Amino acid sequence: MEMKITVSCPTPNRCTLLILVLFSFAASPLHASLSFNFYASSCPTAELIVSNMVRSASSSDPTIPGKLLRLLFHDCFVEGCDASVLLQGNGTERSDPANTSLGGFSVIDSAKSVLEIFCPKTVSCADIVALAARDAVVTAGGPAFEMPTGRRDGRISNAANVRSNIVDTSFTMIEMIRLFNSKGLSLDDLVTLSGAHTIGVAHCNAFSDRFQMDSKGNLTLIDTSLDKAYAKELMKKCPSGSSASKTVNNDPETSFAFDNQYYINLLGHKGLFQSDSVLVEDERTSARVEAFANDQETFFRSWRDSFLKLTTIGVKTDDEGEIRQSCSFAN
(Lines of atoms letter the chains of each structure in order from A and count residues from 1; the text may use other names and numbers.)
(Lines give C-alpha, C1' and ligand atoms only; values in the text may rest on other atoms or scores of the structure.)
Protein backbone atom coordinates (compact mmCIF):
# COMPACT_ATOMS: atom_id res chain seq x y z
CA MET A 1 0.00 0.00 0.00
CA GLU A 2 1.47 3.36 -0.99
CA MET A 3 1.51 6.25 1.41
CA LYS A 4 -1.33 8.65 0.73
CA ILE A 5 -1.64 11.97 2.50
CA THR A 6 -4.21 14.56 1.50
CA VAL A 7 -4.06 18.23 2.41
CA SER A 8 -6.88 20.63 3.17
CA CYS A 9 -5.78 24.23 3.70
CA PRO A 10 -7.83 26.21 6.24
CA THR A 11 -5.80 29.40 5.59
CA PRO A 12 -2.95 30.31 3.18
CA ASN A 13 -0.39 30.51 6.00
CA ARG A 14 -1.34 27.15 7.45
CA CYS A 15 -1.34 25.71 3.94
CA THR A 16 2.32 26.67 3.56
CA LEU A 17 3.14 24.87 6.80
CA LEU A 18 1.15 21.83 5.74
CA ILE A 19 3.06 21.62 2.46
CA LEU A 20 6.39 21.83 4.30
CA VAL A 21 5.32 19.02 6.60
CA LEU A 22 4.07 17.04 3.61
CA PHE A 23 7.56 17.06 2.10
CA SER A 24 8.83 15.39 5.26
CA PHE A 25 6.38 12.55 4.67
CA ALA A 26 7.10 12.28 0.96
CA ALA A 27 10.65 11.18 1.78
CA SER A 28 9.49 8.66 4.37
CA PRO A 29 9.26 4.94 3.61
CA LEU A 30 6.45 4.47 6.11
CA HIS A 31 3.18 3.03 4.84
CA ALA A 32 0.12 4.87 6.03
CA SER A 33 -3.04 6.48 4.79
CA LEU A 34 -3.44 9.58 6.90
CA SER A 35 -4.61 13.09 6.11
CA PHE A 36 -4.33 16.57 7.50
CA ASN A 37 -7.61 17.88 8.92
CA PHE A 38 -8.97 14.33 8.87
CA TYR A 39 -11.78 15.31 11.23
CA ALA A 40 -12.64 18.58 9.49
CA SER A 41 -16.13 17.33 8.58
CA SER A 42 -16.81 14.54 11.06
CA CYS A 43 -15.55 16.30 14.21
CA PRO A 44 -14.19 19.80 13.47
CA THR A 45 -13.41 20.60 17.13
CA ALA A 46 -11.51 17.35 17.78
CA GLU A 47 -8.02 18.83 17.91
CA LEU A 48 -9.19 21.83 19.93
CA ILE A 49 -10.80 19.57 22.52
CA VAL A 50 -7.61 17.54 22.92
CA SER A 51 -5.47 20.68 23.10
CA ASN A 52 -7.69 22.22 25.77
CA MET A 53 -7.56 19.04 27.87
CA VAL A 54 -3.77 18.96 27.69
CA ARG A 55 -3.45 22.64 28.56
CA SER A 56 -5.87 22.37 31.47
CA ALA A 57 -4.21 19.28 32.95
CA SER A 58 -0.73 20.76 32.52
CA SER A 59 -1.67 23.98 34.27
CA SER A 60 -2.43 22.04 37.47
CA ASP A 61 0.31 19.42 37.06
CA PRO A 62 3.50 20.50 35.22
CA THR A 63 4.63 16.87 34.91
CA ILE A 64 1.77 16.07 32.50
CA PRO A 65 3.61 17.06 29.26
CA GLY A 66 6.47 14.69 30.03
CA LYS A 67 4.04 11.90 30.85
CA LEU A 68 2.06 12.33 27.63
CA LEU A 69 5.23 12.39 25.54
CA ARG A 70 6.54 9.21 27.16
CA LEU A 71 3.16 7.55 26.70
CA LEU A 72 3.37 8.17 22.95
CA PHE A 73 6.83 6.62 22.69
CA HIS A 74 5.76 3.51 24.56
CA ASP A 75 2.68 3.21 22.37
CA CYS A 76 4.31 3.71 18.98
CA PHE A 77 7.37 1.53 19.56
CA VAL A 78 5.17 -1.48 20.44
CA GLU A 79 2.58 -2.57 17.84
CA GLY A 80 2.77 0.89 16.22
CA CYS A 81 0.84 4.06 17.07
CA ASP A 82 -2.47 2.31 17.76
CA ALA A 83 -3.23 3.09 21.42
CA SER A 84 -2.52 -0.53 22.35
CA VAL A 85 -0.68 0.73 25.43
CA LEU A 86 -3.98 2.04 26.80
CA LEU A 87 -5.76 -1.31 26.89
CA GLN A 88 -6.25 -2.72 30.37
CA GLY A 89 -6.27 -6.35 31.40
CA ASN A 90 -4.01 -9.23 32.32
CA GLY A 91 -1.14 -9.67 29.89
CA THR A 92 -1.61 -6.33 28.12
CA GLU A 93 1.24 -3.90 27.37
CA ARG A 94 0.03 -1.68 30.16
CA SER A 95 0.50 -4.50 32.69
CA ASP A 96 4.18 -5.00 31.85
CA PRO A 97 6.55 -3.73 34.60
CA ALA A 98 8.24 -1.45 32.06
CA ASN A 99 4.95 0.39 31.63
CA THR A 100 3.67 0.53 35.19
CA SER A 101 5.24 3.96 35.71
CA LEU A 102 3.54 5.47 32.65
CA GLY A 103 1.18 8.36 33.27
CA GLY A 104 -1.14 10.75 31.47
CA PHE A 105 -3.91 8.19 31.02
CA SER A 106 -6.48 10.43 32.73
CA VAL A 107 -5.88 13.19 30.18
CA ILE A 108 -6.48 10.79 27.29
CA ASP A 109 -9.60 9.36 28.96
CA SER A 110 -10.99 12.84 29.67
CA ALA A 111 -10.47 13.95 26.09
CA LYS A 112 -12.10 10.77 24.82
CA SER A 113 -15.11 11.24 27.10
CA VAL A 114 -15.74 14.74 25.78
CA LEU A 115 -15.21 13.67 22.18
CA GLU A 116 -17.70 10.82 22.60
CA ILE A 117 -20.29 13.38 23.64
CA PHE A 118 -19.78 15.71 20.68
CA CYS A 119 -18.61 13.20 18.07
CA PRO A 120 -19.51 9.65 19.14
CA LYS A 121 -17.56 6.74 17.62
CA THR A 122 -15.49 9.11 15.49
CA VAL A 123 -12.11 10.04 16.98
CA SER A 124 -9.67 7.23 17.69
CA CYS A 125 -7.72 6.89 20.92
CA ALA A 126 -4.58 6.49 18.79
CA ASP A 127 -5.09 9.96 17.34
CA ILE A 128 -5.79 11.38 20.80
CA VAL A 129 -2.49 9.97 22.13
CA ALA A 130 -0.56 11.44 19.18
CA LEU A 131 -2.29 14.83 19.31
CA ALA A 132 -1.94 15.04 23.09
CA ALA A 133 1.82 14.41 22.87
CA ARG A 134 2.21 17.06 20.19
CA ASP A 135 0.19 19.55 22.22
CA ALA A 136 2.08 18.64 25.39
CA VAL A 137 5.30 19.77 23.72
CA VAL A 138 3.65 23.04 22.67
CA THR A 139 2.34 23.59 26.20
CA ALA A 140 5.89 23.16 27.52
CA GLY A 141 7.25 25.75 25.08
CA GLY A 142 8.12 23.56 22.12
CA PRO A 143 7.27 23.96 18.42
CA ALA A 144 3.72 23.82 17.06
CA PHE A 145 2.91 22.17 13.75
CA GLU A 146 0.16 20.40 11.84
CA MET A 147 -0.08 16.64 12.06
CA PRO A 148 -1.99 14.15 9.91
CA THR A 149 -4.64 12.04 11.61
CA GLY A 150 -6.81 9.08 10.75
CA ARG A 151 -5.18 6.37 12.88
CA ARG A 152 -7.34 3.49 14.01
CA ASP A 153 -7.15 1.74 17.37
CA GLY A 154 -5.49 -1.64 17.56
CA ARG A 155 -7.17 -4.69 19.02
CA ILE A 156 -4.00 -6.48 20.17
CA SER A 157 -1.98 -5.60 23.28
CA ASN A 158 0.56 -8.13 24.50
CA ALA A 159 2.95 -7.56 27.40
CA ALA A 160 5.41 -10.00 25.81
CA ASN A 161 6.02 -7.48 23.00
CA VAL A 162 7.09 -4.63 25.28
CA ARG A 163 10.66 -5.27 26.46
CA SER A 164 12.15 -6.03 23.06
CA ASN A 165 10.63 -2.92 21.50
CA ILE A 166 11.45 -0.07 23.87
CA VAL A 167 14.74 1.61 24.68
CA ASP A 168 16.37 0.57 27.91
CA THR A 169 18.23 3.39 29.66
CA SER A 170 21.39 1.27 29.73
CA PHE A 171 21.40 0.68 25.95
CA THR A 172 24.58 1.12 23.95
CA MET A 173 24.61 3.15 20.76
CA ILE A 174 24.55 -0.02 18.67
CA GLU A 175 21.48 -1.30 20.51
CA MET A 176 19.64 2.00 20.08
CA ILE A 177 20.50 2.27 16.39
CA ARG A 178 19.27 -1.28 15.79
CA LEU A 179 15.95 -0.60 17.55
CA PHE A 180 15.35 2.78 15.87
CA ASN A 181 16.19 1.37 12.45
CA SER A 182 13.68 -1.42 12.99
CA LYS A 183 11.03 1.28 13.39
CA GLY A 184 12.05 3.11 10.22
CA LEU A 185 13.86 5.83 12.17
CA SER A 186 17.31 7.15 11.28
CA LEU A 187 20.35 8.05 13.36
CA ASP A 188 19.29 11.69 13.14
CA ASP A 189 15.83 10.75 14.42
CA LEU A 190 17.51 8.96 17.33
CA VAL A 191 19.42 12.08 18.39
CA THR A 192 16.41 14.33 17.84
CA LEU A 193 13.80 12.22 19.61
CA SER A 194 16.15 11.71 22.56
CA GLY A 195 15.49 15.41 23.11
CA ALA A 196 12.19 14.34 24.66
CA HIS A 197 14.28 13.97 27.82
CA THR A 198 14.35 17.74 28.12
CA ILE A 199 11.12 17.30 30.12
CA GLY A 200 9.80 14.54 32.35
CA VAL A 201 11.11 12.63 35.33
CA ALA A 202 12.88 9.32 35.91
CA HIS A 203 12.83 6.80 38.72
CA CYS A 204 16.09 6.32 40.59
CA ASN A 205 16.46 2.72 39.43
CA ALA A 206 16.53 3.89 35.81
CA PHE A 207 20.10 5.14 36.20
CA SER A 208 21.30 3.13 39.20
CA ASP A 209 23.68 1.19 36.92
CA ARG A 210 25.92 4.26 36.88
CA PHE A 211 26.70 3.81 40.58
CA GLN A 212 27.70 0.99 42.89
CA MET A 213 27.29 0.44 46.62
CA ASP A 214 30.43 0.32 48.78
CA SER A 215 30.98 -1.79 51.92
CA LYS A 216 29.33 0.89 54.05
CA GLY A 217 26.17 0.93 51.98
CA ASN A 218 26.97 4.23 50.27
CA LEU A 219 26.80 4.84 46.54
CA THR A 220 29.94 5.62 44.55
CA LEU A 221 30.26 6.68 40.94
CA ILE A 222 31.49 4.03 38.50
CA ASP A 223 30.51 5.75 35.24
CA THR A 224 33.35 8.19 34.55
CA SER A 225 31.44 9.80 31.68
CA LEU A 226 29.17 11.52 34.20
CA ASP A 227 30.04 14.95 35.64
CA LYS A 228 31.20 14.40 39.23
CA ALA A 229 29.22 17.27 40.73
CA TYR A 230 26.06 16.13 38.93
CA ALA A 231 26.71 12.54 40.04
CA LYS A 232 27.01 13.70 43.64
CA GLU A 233 23.69 15.53 43.32
CA LEU A 234 22.02 12.39 41.94
CA MET A 235 23.40 10.21 44.73
CA LYS A 236 22.06 12.71 47.26
CA LYS A 237 18.59 12.63 45.70
CA CYS A 238 18.63 8.86 45.20
CA PRO A 239 20.59 7.39 48.13
CA SER A 240 20.97 3.68 48.52
CA GLY A 241 17.70 2.12 49.67
CA SER A 242 15.56 5.01 48.40
CA SER A 243 11.91 4.34 47.60
CA ALA A 244 11.07 2.75 44.26
CA SER A 245 8.72 5.68 43.64
CA LYS A 246 11.46 8.30 44.09
CA THR A 247 12.06 10.37 40.95
CA VAL A 248 14.39 13.08 39.67
CA ASN A 249 13.99 15.49 36.77
CA ASN A 250 15.43 14.36 33.44
CA ASP A 251 16.74 17.88 32.89
CA PRO A 252 18.21 19.42 36.05
CA GLU A 253 18.27 22.94 34.60
CA THR A 254 14.92 23.70 32.90
CA SER A 255 12.88 20.76 34.10
CA PHE A 256 9.47 21.68 32.70
CA ALA A 257 10.48 23.58 29.55
CA PHE A 258 10.74 21.91 26.17
CA ASP A 259 13.96 23.45 24.91
CA ASN A 260 17.48 22.51 23.81
CA GLN A 261 18.88 22.43 27.36
CA TYR A 262 19.04 18.63 27.18
CA TYR A 263 21.79 18.87 24.56
CA ILE A 264 23.62 21.54 26.53
CA ASN A 265 23.50 19.17 29.49
CA LEU A 266 24.98 16.38 27.37
CA LEU A 267 27.95 18.56 26.39
CA GLY A 268 28.46 19.19 30.12
CA HIS A 269 28.37 15.43 30.78
CA LYS A 270 25.06 15.72 32.61
CA GLY A 271 23.01 13.16 30.70
CA LEU A 272 20.87 11.32 33.23
CA PHE A 273 20.89 7.93 31.50
CA GLN A 274 23.70 5.96 29.95
CA SER A 275 21.66 6.02 26.73
CA ASP A 276 21.84 9.83 26.89
CA SER A 277 25.58 10.05 27.52
CA VAL A 278 26.51 7.84 24.57
CA LEU A 279 25.06 10.44 22.20
CA VAL A 280 27.85 12.90 22.96
CA GLU A 281 30.54 10.24 23.28
CA ASP A 282 29.92 8.62 19.88
CA GLU A 283 31.43 10.39 16.88
CA ARG A 284 28.41 9.45 14.77
CA THR A 285 26.10 11.61 16.88
CA SER A 286 28.26 14.12 18.78
CA ALA A 287 28.20 16.74 16.01
CA ARG A 288 24.41 16.70 15.92
CA VAL A 289 24.24 17.04 19.70
CA GLU A 290 26.49 20.08 19.49
CA ALA A 291 24.41 21.61 16.69
CA PHE A 292 21.22 21.28 18.73
CA ALA A 293 22.95 22.65 21.83
CA ASN A 294 24.07 25.72 19.88
CA ASP A 295 20.79 26.44 18.09
CA GLN A 296 17.37 25.69 19.53
CA GLU A 297 15.57 26.45 16.27
CA THR A 298 17.64 23.79 14.50
CA PHE A 299 16.51 21.30 17.14
CA PHE A 300 12.87 22.41 16.84
CA ARG A 301 12.87 21.98 13.05
CA SER A 302 14.37 18.53 13.36
CA TRP A 303 11.94 17.67 16.16
CA ARG A 304 8.96 18.40 13.91
CA ASP A 305 10.23 16.09 11.17
CA SER A 306 11.26 13.25 13.50
CA PHE A 307 8.09 13.50 15.59
CA LEU A 308 5.95 13.17 12.48
CA LYS A 309 7.88 10.03 11.51
CA LEU A 310 7.48 8.65 15.03
CA THR A 311 3.72 9.14 14.99
CA THR A 312 3.29 7.15 11.77
CA ILE A 313 5.11 4.02 12.93
CA GLY A 314 2.92 1.00 12.21
CA VAL A 315 -0.31 2.98 12.10
CA LYS A 316 -3.53 1.13 11.40
CA THR A 317 -6.07 2.69 9.08
CA ASP A 318 -9.45 1.82 7.63
CA ASP A 319 -10.42 -1.79 8.49
CA GLU A 320 -7.02 -2.55 10.08
CA GLY A 321 -8.33 -1.22 13.38
CA GLU A 322 -11.36 0.24 15.10
CA ILE A 323 -12.62 3.36 16.86
CA ARG A 324 -12.88 2.38 20.52
CA GLN A 325 -15.69 3.76 22.59
CA SER A 326 -13.45 3.50 25.66
CA CYS A 327 -9.69 3.84 25.33
CA SER A 328 -9.11 1.21 28.02
CA PHE A 329 -11.02 -1.58 26.31
CA ALA A 330 -11.43 -2.91 22.79
CA ASN A 331 -14.98 -2.79 21.43
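Glycine too: its Cβ is placed from the backbone N, Cα and C atoms.
Worth saying up front: this structure is predicted, and the values here are computed from it rather than measured.
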State the disulphide partner of C327 as given in TrEMBL, choosing from C119, C125, C204. C125
Cysteine of C15, C43, C204 paired with C119 via disulfide, per TrEMBL: C43
Would you pick out, from the disulfide-bonded residues C125, C204, C238, the residue whose Cβ has the largest number of other Cβ atoms within 10 Å? C125
So if I measure Cβ to Cβ from V78 (Ca(2+) 1 binding site) and keep only same-chain residues at least 6 apart in sequence, which ones fall under 8 Å? S84, V85, E93, N161, V162, N165, I166
Using C-alpha positions only, work out which of the recorded positions C43, R70, C119, C125 is nearest to T254 (Ca(2+) 2 binding site). R70
D75 (Ca(2+) 1 binding site): nearby disulfide-bonded residues from C81, C125, C327, Cα cut-off 10 Å: C81
Can you tell me the mean pLDDT for the domain 'Plant heme peroxidase family profile' (33-331)? 95
